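See below for the structure under consideration.
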Amino acid sequence: MVHLVGSLRKELADSLSTCSVLVVGAGGIGCELLKNLVLTGFKNIEVIDLDTIDVSNLNRQFLFQKKHVGKSKAQVAKESALQFCPSANITAYHDSIMNPDYNVEYFRKFILVMNALDNRAARNHVNRMCLAADIPLIESGTAGYLGQVTVIKKGMTECYECQPKPTQKTFPGCTIRNTPSEPIHCIVWAKYLFNQLFGEEDADQEVSPDTADPELAWNPEDTAARATASEKDGDIKRISTKEWARSTGYDPVKLFNKLFKDDIMYLLTMDKLWKKRKAPTPLDWQHLENSACPQEDSPVSGLKDQQVLGLWGYCQLFQHSVETLRSQIQEKGESAELVWDKDDPPAMDFVTAAANLRMHIFSMNMKSRFDVKSMAGNIIPAIATTNAVIAGLIVLEGLKILSGEIESCRSIFLNKCPNLRKKLLVPCILDPPSANCYVCASKPEVTVKLNVHKTVVLTLQDRILKERFGMVAPDVQIEDGKGTILISSEEGETEANNNKFLSDFGIRNGSRLQVDDFLQDYTLLVNVLHTEELERDVEFEVVGEAPDKAPPPQSKPEEVNSITNGNKDSSQPSTSSKEKKNMEKQERENESHSLFIYFISLIWDLF
Amino acid sequence: MIDTIEKEDPVISEEEAAQYDRQIRLWGLDAQKRLRGSRVLLAGLGGLGAEVAKNLILAGVKKLTLLDHEKVTEDSCRAQFLVPVTAQGQNRAQASLERAQNLNPMVEVQADTDKVEDKPDDFFLQFDAVCLTGCSKDLMVRVDQLCSQHNIKVFCGDIHGYYGYMFSNLGKEYSYVEEKPKVVKAAPDSSDGPEAKKAKVDPNETTMVKKTASFCSLKEALEVDWTSEKTKAGLKKTPLDYFMLHVLLKFRTDKGRDPDPLAFPEDSLVLKQIRDDVLEAKTLSSDLLSDDFISYCFSEMSPVCAVVGGVLGQEVVKALSQRDAPHRNFFFFDGRKGNGVVDYFGPN
C-alpha cells in the first residue's frame, strides 16, 4: 500500500532526512535550489560559494537583501534558508570549490552533488571530483529566458567534458591593435589599455600598433624580419606603455594625443592595411576642444547610462577617468596595480571612453556606457523565473536519483517558446559516456600540437594543462624511460623549469607526457606533436579540434545560438591573470551549457 | 499611499537601475517601466502562490495584493517559504507579508484576509492582472468573466503533487511587441564597421514588431466539446493533463478541499470515481486517463511549485509589459517526466 508523506512516498521522504547533499554555488540558481531542497525535506545540506553579494544580484537571488550587500553569499543563503526551516542542518563555506581541502574524501560524504555555477573551470573541476568519488552530479545553467539541467553519473552518462565545448572567443592581436572592425575589438583594446596603464602589464595585451602584422608584408619572411627589427630598435616597444605614461605624469591630454592621434597616424603609414578598408581618422585634442559646443541637457527618459555621448563628451570622460585612476594609483604607491572591475565607476568610465574614441576613429557608431558594460563585463542578463524553473527541475531529478530511478533521469531544456511539439520543457534521454573522452575514458589520452622549441614549461602548465585541460595542480612526468619530472604541483619544486623550452628536456615529436592531478584523481596522457606551423597568436592546438578562431557575429541571446559561452559578446580573455586570480566577482566567464546539446534538443525531442 | 493616474513615471531611479540592471538588460527599460506601473492581485498563498508572489515582487511591479482567508497550519510552514514557523493560527496572507515585502522594498505589498468569493465585483477593477490559485472552478470562471470584460488580465494555476498547470486569458485582442534583429542595408560611410557589405544583419540592432493574439474565457477553455469525431481524432495530440485538471477541479468542488495524504486510501477511490464520471460526461473512455496519476497528485510539491510558479510568474510579467509572445492558453507540467507543454483549449 502506498504510504505518502506530503507528496512523496514514505521511503523517499525518510531518505531525505538522512542523506547529505552538496550545492556548489549560492547565486541565482543556488538560492532557488536551497529553498527547494529545504522545503522538499532535505535535512543535511552543504553549500559553498566564494562570492559576496552585489546589488545587481537582488533582482533574483532572493535569499539576499540590500542590507547583505558585501557579505558572503553562502553564509547569508544559509541564514535565510534556516529562517523557513530552522531544523535543517546547513553548512556554509565561503570558499572556492577548487580548494584542495575539498578532496575526493570530502565529496564522498554526499549522496548527490548539484552545481549552481557560472564558470567552466569550476564545472570541469567538480565534474572530475564527482567522477573520482563516483557520486552523481546534477549540472545546470541559465541565461536570460533559457535554461538546462542534466545528470552526470560515472560510467552511465556523458561527463561534463565528453562533448567539446566551444572555447571563449579570442581575437588576433593585429585586429585589436591595427584593424578593429567591430565595437568589441575596441572594447577589448580599451581593457588592454587599462592594464597597460594602471594594472598588471601583460605581453599578450599590447595596444600599440603592431608592426609585425602579417598583412603588411607581401612575403612572410618580411613579417619576421620586421618583427625582429622592431624588437631590436624598439622605438615603440622599448619603453613600456606604463613607463611612458608615468614619465608624462599620466597627463590625459598627452595620453590622448599619443593613443588617438600619433598612434593612428602611424597606422596610416601602413598603407597596405587600408587598401581595402576604410582608413582610421586621428583625433586632435585641441581641435576638438575648440569646436566643442555646450550640449543642452535634454530630458532623459532612458537610463543615464544608455545615453550615447558626443565625441567631446567621451574626450572629457577619458580625461576625468584618467585623472581619477591616476590618483587611485598614486594613493596606493609606487608599484601599485589596479585590477579592472566593471563595477568600479572610473575603471568602467575609462573603458567606455577609450573604446568609444577608438570606435569613432575607425568609423563605428559609438556605444552607450550601458552597452559597453555588457560587452566589457561579459554580463549575462538574468531573471528570477528562469532560475526558479531550473532549480525546481534539479530537485526533481535529484529525487529520481534518490529513489533509485536514475534511468528515468533526463536532460531537460527550457525554451523561450514552445517547440513544434508544443513543448516548453524538453526532456531528452541522457547520452552514454564518450569513448574518447579525455576525462572519463578509462585511459584518457590526448594529442597536442605545439612547437617544442618555442613553448616554455610555464605555458604548458598554465595555458595547456590548467586552462585548456582544466587541471588545478598538475604533476608532469616525461615518459622518457627515466621518469623525468617536468612539473611538480609542490610549490617551488620545479620553478626553475618554468622558462625553459620543452625541447631543453628532450621533448620532441612523438614524446609522451604523463600528467596527474592528484586532487582530481585524474591522469591524462599527452602526446606531443611538434609543428613549426601554427597560426599567428596560436600557442597550441588540440588535435581533433578546430583551432580557436573568432567566429562570425552571433545572434541575440534569446535565439538559438545563445547558450554557448553564455554571452554573444564574451570577448578575448577579458581578464588579466591578476583579475582571474582575484575571482571575487561573478560573471568571470559566463557560459552556461554546450551548443551541441541545445541544438539537439531543438531538432530531436523524444517525447 | 497616493495613487496617481499615470502608468509610467518616466524617470527610473538610480536605485532601481542598479537593482534591476540584469533584467533591464533582458527585457528592456520600457518593459520595466510598465511593470513599475502595474497592480496585481494574487489569490492563495500556498506553495504556488508564494512562488508567484516572489517572482512578481522581484520583477518590480508597483503593487501586489496578497489575498487569502486561510489560516497557517503546521503543513503551511513546510509548504512555502514566506510564512514563519511561528505563525501558526495566523492568517496566511498576513503571515506572508513581512518576508514578501523584504524581497523588494520598492514594491508595495499588501495583505487582505477576505475570501475571494466574498469580494464585490468592483474590487477586482483596481488591478491590471489577477492571479488565482487554490480557487474552485466556479469561482475562477466567475472572476475570469468579470475581469476580461474590463480588460483585466487573468491567470489561474494550481499544483497537485507532481503535476501543475497554469491558464491565461489576456482578452480577445491582446497586443504585444517582439524584438527582432534588424536587417540593415549598410550606408557607405556609417554603421558598425568600415567594411561595407550589401545587406547586413547587425546582431546588435533590433526592431520592435507589433503582434496580436486572441484568448478565450476559462469557461470556454474548460467546456471543449469532445463528442464530435473531429475533436476525438485530435485526442492523440492532447495532453492528458487537461483531463486530469478536470478531475482535480471536480474533487475540489465536491469535497471542498484537495486530496489529502492523510486520507490517501479514501481519496484515491474518490479520485478514481471522479475520473470515470468526468470522462463519461465528456463521452470519452475511462481508459484515456489511467490510475497512475492518482498516487502522485497529493499535496503541493515544492519543486513543482517552483517550475509552474516560474512559468506563471513570467507570463504575468510578459503580459504586464506587453512584450514577447504569451503562452496560449494552458501550460501543463508533469514533474515525473519533466515535460512542460503549452496548448490551446477553446473555440477556434
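Quick reminder: no glycine exception, Cβ is built from N, Cα and C everywhere.
All TrEMBL annotations are machine predictions without curation.
Residues A:203-233 are the range that TrEMBL records as region 'Disordered', among A:141-171, A:203-233. The most crowded of the binding-site residues listed here (A:Asn59, A:Ser96, A:Asn119) is A:Asn59, judged by how many other CB atoms sit within 10 Å of its own CB. Surrounding the centroid of the Cβ atoms of A:Cys159, A:Cys162, A:Cys437, A:Cys440, where the record places Zn(2+), the chain contributes additional residues within 8 Å, namely A:Leu131, A:Glu158, A:Tyr160, A:Glu161, A:Pro433, A:Ser434, A:Tyr438, A:Val439, A:Ala441. Take the Cα of A:Cys162 (Zn(2+) binding site) and measure to each of the binding-site residues A:Asn59, A:Ser96, A:Asn119: the nearest one is A:Asn119. Applying an under-8 Å Cβ distance to chain B, the binding-site residues A:Gly25, A:Gly28, A:Asn59, A:Ser96, A:Cys440 reduce to A:Asn59. Counting only same-chain residues at least 6 apart in sequence, those with a Cβ under 8 Å from the Cβ of A:Asp49 (ATP binding site) are A:Val24, A:Gly25, A:Ala26, A:Gly27, A:Gly30, A:Ser72, A:Lys73, A:Ala74, A:Ala77, A:Tyr93, A:His94. A:Asn59 (ATP binding site) and A:Cys159 (Zn(2+) binding site) have their C-alpha atoms 32 Å apart, to the nearest angstrom. Calculated from their C-alpha atoms, the gap between A:Ala122 (ATP binding site) and A:Cys440 (Zn(2+) binding site) amounts to 17 Å.
Comparing A:Ser96 (ATP binding site) with A:Cys437 (Zn(2+) binding site), their Cα atoms are 26 Å apart once rounded. Taking CA atoms as the reference points, A:Gly28 (ATP binding site) and A:Cys437 (Zn(2+) binding site) are 30 Å apart. A:Cys440 (Zn(2+) binding site) sits 20 Å from A:Asn119 (ATP binding site), taking the Cα positions as reference.
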